[in-house]
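What TrEMBL says about this protein:
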TRANSMEM  34-55  transmembrane segment
TRANSMEM  232-252  transmembrane segment
TRANSMEM  259-277  transmembrane segment
TRANSMEM  315-336  transmembrane segment
TRANSMEM  357-378  transmembrane segment
TRANSMEM  434-461  transmembrane segment
TRANSMEM  482-504  transmembrane segment
TRANSMEM  545-567  transmembrane segment
TRANSMEM  582-605  transmembrane segment
TRANSMEM  617-639  transmembrane segment
Amino acid sequence: MGKDSQHYYGKHGTPQKYDPTFKGPIYNRGCTDVICCVLLFLAIVGYVAVGIVAWTHGDPRKVIYPTDSRGEFCGQKGTKNANKPFLFYFNIVKCASPLVLLEFQCPTPQICVKQCPDRYLTFLKARTSPDFDYYKQFCVPGFQNNKGLAEALRDGDCPAVITPSKPLAQRCFPAIHANKGVLMVGNETTYEDGNGTRKNITELVEGAKRANMVLEARQLAMQIFEDYTVSWYWIVIGLVIAMVLSLLFIILLRFLAGIMVWVMIVMVILVLGYGIFHCYMEYSRLRGEAGSDISLVDLGFQTDLRVYLHLRQTWMAFMIILSILEVVIILLLIFLRKRILIAIALIKEASRAVGHVMCSMLYPLVTFFLLCLCIAYWASTAVYPLLNCQSVIPTDKSNESRQCPSGRCQFAFYGGESAYHRALLGLQIFNAFMFFWLANFVLALGQVTLAGAFASYYWALRKPDDMPAFPLFSAFGRALRYHTGSLAFGSLILAIVQIIRVMLEYLDQRLKAAQNKFAKFLMVCLKCCFWCLEKFIKFLNRNAYIMIAIYGTNFCTSARNAFFLLMRNIIRVAVLDKVTDFLFLLGKLLIVGSVGILAFFFFTHRIRIVQDTAPPLNYYWVPILTVIIGSYMIAHGFFSVYGMCVDTLFLCFCEDLERNDGSQERPYFMSPELRDILLKGSPQEGKQEEVEEE
């Protein structure tokens, strides 16, 4: 197929000539972009190898249970630390280091202890006093007081100082409290660091904050998990409602496309109007409430989002955003009212195509399942290497300790020096790149499959008699058998741009502390350029995949032909394609907004009939956001099928106009309804009338 299909187009993508043998998607086609198919296979093999390496070096239990500097768990049955449930930091001040955020560990020795220290002592004072037996339990196991002071501290055998601490999530944190506004540990406002220097308590506070950051995130995650456990069935009910509404909307669109579009537009305007009115009423109600005039900046970030609902500024912001959105929608409707009628005709034709390929409505489930596999594999491969963060070195210089069969090891640093640790950053970049490549490949496979099914509908002269028995399965088989390489090629280009964007974001975060304005300006320009490039490649890929589904040409040829075909019909692209996208967006907003409002009133106990049915929650925004995001994904899944159908039919329509003239010898493949409204006022309409008169 590859070589025979090239004659459809002239040089530089000029319109193709009439071909009496062409009847739509061709079954007798050959493999395209085989090299990219081989590259994808080799990359997947390498990705599996990276996953195996990551899983063998990591241990997910380190996220849940504390581990000492040797990587041994604290308080776990069957281990030598079974009676030592708490983790003690030698110098918690070092937890203020950025390494805490990068490696999820503090760069200081850590040991498992039976209890957290309850007194203030320095190693200098304790080693010559009766308190040494107490102090010794906070030294490394097996430590004997037979070293000099400097040597013991240098080797990390004991902490330089211990301070009164309290256990929090099995970790020992300084027992810091405020007395008349003054921070204190025990009865002290300063502490000695063990080296003869007095330091302020605020340094302990900073270290404890950084060390506690991961724990706070864990506690927040646990509270969110609790909310999910008591509200999951209501979330499922909300998602089922969203699915039913989406399916009902699609079914009604099949028979009442024109009425449904206008009903959808009116409903979106009414929902936005109600939202504006509700925001105004809440804003008015809070006028006399104390503390409601605090600004969002002064309040800062709060994990309990209900706090923001008690501020007038929050409701004012909501009201402004909704008002701007409604004004924009109304203005677009006024200026595009005639174009909407044309778009409705295209949606009607898409409804008929979907009606003849009803199983296409279930295909988003296949895409969703494959994307979940990609995300799960990427996440597990990305997290596991981070769970191997400690390295130990032998302290004794004997040959036995170098071989380390029985030599004692101590904490040295986090990360390790092996080839695996040196290549860890590169492996993480490769992991992210493969995630983008595979995710884009899954999306591309779905687009080619749907495009092939709907193209077989359009190019059937007698619909649906000339269609294959199972158009969706036939298109899926053609895509995998012949065009895996082309899909890999298109998704590879997009993945390269996306990984560059990720690296630019990483560099931007690293350069935020720099005061070089030119570097910041250059970074903003690069981020903007690559964002635009990604959008353009997505648009070009989508249309290239449609051409691949129709003609079976390779990716570059399909992308070139699709681009020039769209450029020759740029007015129609701007008028029809984007108007239908706008209408589908309104449909998604209607479904998501309706389900979101229902979830908000339910989980905030504002529906009196079921007021006592809603479960008590730590954060009611957790199920609400879950329902909203899930509803959008469900609605997007249904409407994405319609969107792909519209794009395919539109591209086929442009091809049909250039290939045929409506005569008996060269009839149009488009339906009479679509022809009447899309050719109205165009030169093709005049030609069609002349042909009919003859």
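Each Cβ is built from the backbone N, Cα and C atoms, and glycine gets one as well.
In TrEMBL, annotation is done automatically, which means it is predicted and not curated.
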Original post:
Are the transmembrane segment (434-461) and the transmembrane segment (34-55) close enough that 3 or more Cβ pairs fall under 8 Å, when only pairs 6 or more apart in sequence count?
Top reply: yes
**OP:** With Cβ distances under 8 Å as the criterion, find the stretch in 315-336, 434-461, 482-504, 545-567, 582-605 that has the most pairs with the transmembrane segment (232-252).
**Re:** 582-605
Original post:
Can you name the far-off residues of the same chain, 6+ from the ends of the transmembrane segment (582-605), with a Cβ under 8 Å from a Cβ of it?
Top reply: 231, 234, 238, 241-242, 245-246, 249, 261, 264-265, 267-268, 271, 275, 329, 332, 336, 340, 343, 347, 611, 614, 617, 620, 623-624, 627-628, 631-632, 635-636, 639, 642-643
Subject >> Considering the transmembrane segment (617-639), which listed stretch of 315-336, 357-378, 434-461, 482-504, 545-567 counts the most C-beta pairs under 8 Å >> reply: 357-378
Original post:
Which sequence positions outside the transmembrane segment (482-504), separated from its termini by at least 6 residues, show Cβ-Cβ distances below 8 Å to it?
Top reply: 1, 29-40, 429, 432-433, 436-438, 440-441, 443-445, 448, 523, 526-527, 530-531, 533-534, 537-538, 541, 544-545, 548, 552, 554-556, 558-559
**OP:** Residue list, the transmembrane segment (434-461) vs rest of chain: Cβ under 8 Å, 6 or more residues beyond ends.
**Re:** 23-25, 40, 43-44, 47, 50, 350, 353, 356-357, 360, 363-364, 366-367, 370-371, 374-375, 377-378, 467-468, 471-472, 474-476, 478-480, 483, 487-488, 490-492, 494-495, 498-499, 541-542, 545-546, 548-550, 641, 644-645, 647-649, 652-653, 656, 667, 669-670
